[in-house]
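Chemist: This structure is in structure tokens; I'll ask about it shortly.
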Amino acid sequence: MSLKEKTQSLFANAFGYPATHTIQAPGRVNLIGEHTDYNDGFVLPCAIDYQTVISCAPRDDRKVRVMAADYENQLDEFSLNAPIVAHENYQWANYVRGVVKHLQLRNNSFGGVDMVISGNVPQGAGLSSSASLEVAVGTVLQQLYHLPLDGAQIALNGQEAENQFVGCNCGIMDQLISALGKKDHALLIDCRSLGTKAVSMPKGVAVVIINSNFKRTLVGSEYNTRREQCETGARFFQQPALRDVTIEEFNAVAHELDPIVAKRVRHILTENARTVEAASALEQGDLKRMDELMAESHASMRDDFEITVPQIDTLVEIVKAVIGDKGGVRMTGGGFGGCIVALIPEELVPAVQQAVAEQYEAKTGIKETFYVCKPSQGAGQC
């Protein structure tokens, strides 16, 4: 049974009438451009065919009822007439409440709604299950009440909800790609202007995501430290963000910087350049150049930004040994565990899967999870 069928059936059973709309919003993977988003830089993600699906209908009052199919059909109810506050027990409900509250704060006028939510974006894998939920809820209200919002505004609203209501600091990339993703394309995003450019993906190439299943422990504290180091670097150059510093300017005075800060700055500057070049390489179907850029990105994250762990490096090495220069592979996400992403010719996917199955657990004691994805369409009706 598809997520659409599942949520429609649950909706009818729970609420006693049929849903009028079904909306989906996808998760994402970032192909290249790591930790560049909060430095006003470039990222190159694609939406994936794992998504959050919501069957819904408008109500003729001011009540919101939300059922979470993946959390034992837990039900949350709240009124649009009262101040929206955090739910004491259901963390999932706060993503919904946050999006609704921030849409209200943006002076959008809408009535009540019934929703049933289900999703298959793996949680805790760095594939943006939370952003996909936020964008799905925003799209539900936009579609049901014809709100004058475009995808970028729905994305910004979701980011605001996560930062201010849920209390998790995140950049804009995750929500933006979920809202604006394009089938068979990646999206080059300028995180300063929020401008986007669709980049066609080469035919016959699979997007493979492998979760190391190494439990991330340092990610919060180390993430904040990296941010501070980048801000220190930008201040040294008297610029608003590292986006505004050239590699030539950096090389001329690198020796004057604190050695750790210098390494962090070098990663951001070179990663930004790699990301813009990767968009061109991908569009031209130049997998050999993509391989080089992804390898350089991984080495930079390992040696300059210092956010990889041995388990991730092992996974990258296993995949690289199989694909050679026919595709690219690197760590993706915040670091200290999580996933790797690989662009692999479809005919090599079984060999990669076999090599990883045979070697990764033997070397690390951890079993990986393997996902083969297609670049998918952003949020909308399904």
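Cβ atoms here come from the backbone N, Cα and C positions, even for glycine.
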Chemist: Hey, Swiss-Prot has substrate bound by E34, H35, T36, D37. Any idea which of Y223, Y360, Y371 it lists too?
Modeler: Y223
Chemist: So which one is it: of the recorded positions D37, E162, D174, which has the fewest other Cβ atoms within 10 Å?
Modeler: D37
Chemist: Spatially, which candidate from the recorded positions E34, T36, D37, E162, D174 is nearest to G126 (ATP binding site), comparing Cα atoms?
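Modeler: Nearest listed residue in space: D174.
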Chemist: Which of A125, L127 (the binding-site residues) has the most other Cβ atoms within 10 Å?
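Modeler: Most Cβ neighbours within 10 Å: L127.
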Chemist: Going by C-alpha distance, which of the binding-site residues A125, S128, S129 is nearest to T36 (substrate binding site)?
Modeler: S128
Chemist: Which number gives the other C-beta atoms within 10 angstroms of the C-beta of S129 (ATP binding site), all protein chains shown included?
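Modeler: Excluding its own Cβ, S129 (ATP binding site) sees 23 Cβ atoms within 10 Å.
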Chemist: Report the residues of the chain - excluding G124, A125, G126, L127, S128, S129, S130 - with C-beta within 8 Å of the mean position of the site's C-beta atoms, for the recorded ATP site, in sequence order.
Modeler: G27, V121, P122, Q123
